Each structure stands twice: as C-alpha cells, then as structure tokens.
Amino acid sequence: MRIILLGPPGAGKGTQAANIVEEYNVPHISTGDIFRKNIKEGTELGKKAQEYMNEGKLVPDELTCGLVASRLSEDDCKNGFMLDGFPRNTFQAEYLDRYLTENNIGLDKVINIEVDSNLLVERACGRRICKNCGATFHVKFNPSKVEDVCDVCGHNLTQRPDDNEETVSHRINVYLSETKPLVDYYTKKGVIANIDGDQDINKVFEDIKAALA
Ligand code: AP5
Ligand code: MG
Ligand code: ZN
C-alpha cells in the first residue's frame, strides 16, 4: 500500500497515521516528525528547519525533497509507505511524481482529510504529544487517562512550540495557499479519497479503511 495523507494542520493526519500503520504495516514517513527529531538532536538540518517551523512557514524544498527521496529508497519502503505532510506544494508533488516514475512505483491512494478551518485552531492548541513514543492526545477530544501523562509509555506530555494560536493561524494560511491546490492536482490524477475529518476519530478511520479497500 502506497499512501499520501493530505490535510490542513490539525486535521488528524498523525492520529490516523498511527491507525493505518497498525492495520497495513507500512512505514510512517512524516516530514514534520523527521524535522522535529533533527531539532531534538541538534543537527544542521534541525537548526535550519527550526527557524521556519517556529514561524509556521514551509521548510524550503531543497531541504525537504532530497530527504524524502532518500527515505523512500530505504528497504522498508519496498512494499509500501505512508507519507504524512509531504508533498505540501506543487513543486514537491511534481518532484515526488518524477521520483515515483523513475522508480516504477505507483500511488494507491491520496487520503485527503477535510476539516473546516475554524475547528483547526482548537484542535492544534489542545494537542499534547509524547516526545518519548510519539503518541498524540487532545485535552478535550482525546484526553490521556492521567492529565499530562502518556497512556502508552508513562512519560510527561508536552505541547509543540508551533501549536499556539498565532502560529497555527499562519500554518492554516500556508495550507490554503500552498497545499490545498494539491487536492485538485490529485483529483485530476484520479487517486484521491476525500474523508470527512470532523467525526469521531474511530469513524474517520472506518472511512479511511473503506477508501483503501
Ligand atoms: P507537520 O508536523 O506536518 O504539521 P501539520 O501539517 O501542521 O499537521 P499537524 O501535525 O499539526 O496535524 P495533524 O493533521 O497531524 O493532526 P493530529 O493527528 O496531530 O509540520 C510541521 C511543520 O514542519 C510545518 O509547519 C513546516 O514548517 C514543516 N514541514 C513539515 N513537512 C513539510 C514539507 N513537506 N515541506 C515544508 N515544510 C514542512 O491531530 C491534531 C489534534 O486533534 C490532536 O490533539 C488530536 O488528538 C486531535 N484530533 C485528531 N483527530 C480528531 C478528531 N477526529 N476529532 C477531534 N479531535 C481530533
Ligand atoms: Mg502531524
Ligand atoms: Zn509515550
């Protein structure tokens, strides 16, 4: 299974990615997670990416595209992969197309999770993440059993530095101008499945499974 997850910030890409990985056993490739790992480890890439991420801007294509291509060429992607947060503009989509064509790889589905913009700020600002195991919670919509403690591994939960109202609003605007055109791009290719993301987390996953069947 070769899948792209598309959708605005806070739509539920990461949340559904965890379900998809479990069901279909494909590697989860999130460019946001890769950048955050590099920031945590203090690499050169992390230092460069951090400036853009803290302001809610896209990290430049020249730092992003090669990274994805080299990740896709690893062994665990031979039988499938799930891209989360890439591509994010037309340049990246065309770059990915070229990579796939050159390597004789087809896409199965682009899962487009749709959520109205006015719900996204609350989703992102209430998000809590576990830096240890990557689990995602929400203070209201998906609370951990014990406040600020990860259900999975027991570590403390934290907030992403870009999950404040101002930065989230900027990320939404970047999505609308740069990323949303990809809905058209993949609709024309006939590979898109539009999923209503404003439903219970489990219902969203049911709809994704139906689209992938
Ligand atoms: P990235 O990490 O990709 O962030 P994003 O696209 O803004 O998306 P999020 O991770 O915020 O949202 P999500 O859809 O994963 O939602 P989640 O499941 O967590 O990118 C971050 C930054 O990195 C970018 O701004 C950019 O700077 C850079 N970057 C990354 N990729 C790049 C690229 N390709 N090119 C250039 N730059 C790039 O859910 C959100 C919350 O809602 C959670 O609390 C969750 O519990 C809750 N929730 C989920 N589903 C539901 C539901 N159905 N009902 C109620 N609540 C729900
Ligand atoms: Mg995410
Ligand atoms: Zn954890």
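Cβ coordinates come from backbone N, Cα and C, glycine included.
DSSP assigns G10 (ATP binding site) to coil in the three-state reduction, placing it in neither a helix nor a strand. Take the CB of G10 (ATP binding site) and look out to 10 A: across all protein chains shown you find 27 other CB atoms. Here TrEMBL flags G10, A11, G12, K13, G14, T15, R127, T136, F137, Q199 as ATP binding site.
Computed over the region 'NMP' (30-59), the whole-number mean pLDDT of the model equals 96. Feature annotation from TrEMBL assigns region 'NMP' to 30-59.
A Cβ distance under 8 Å defines the sequence-distant neighbours of the region 'LID' (126-163), meaning residues of its chain 6+ beyond its ends; these are 10, 14-15, 18, 33, 36, 40, 53-54, 56, 171, 201. Here TrEMBL flags 126-163 as region 'LID'.
Residues or ranges marked as domain 'Adenylate kinase active site lid' in TrEMBL: 127-162.
Within the chain carrying the region 'NMP' (30-59), a Cβ under 8 angstroms from the stretch's Cβ atoms is held by residues 13-14, 17, 67-68, 71, 84-86, 88-89, 131, 134, 160-162, 167-171, 174, 178, all 6 or more beyond its ends. According to DSSP, the region 'LID' (126-163) comprises 0 helix, 12 strand, 26 coil. Per DSSP, the secondary structure of the region 'NMP' (30-59) breaks down as 22 helix, 1 strand, 7 coil. Neighbour density at the Cβ, taken as the number of other Cβ atoms within 10 Å, is lowest among the binding-site residues G12, G14 for G14.
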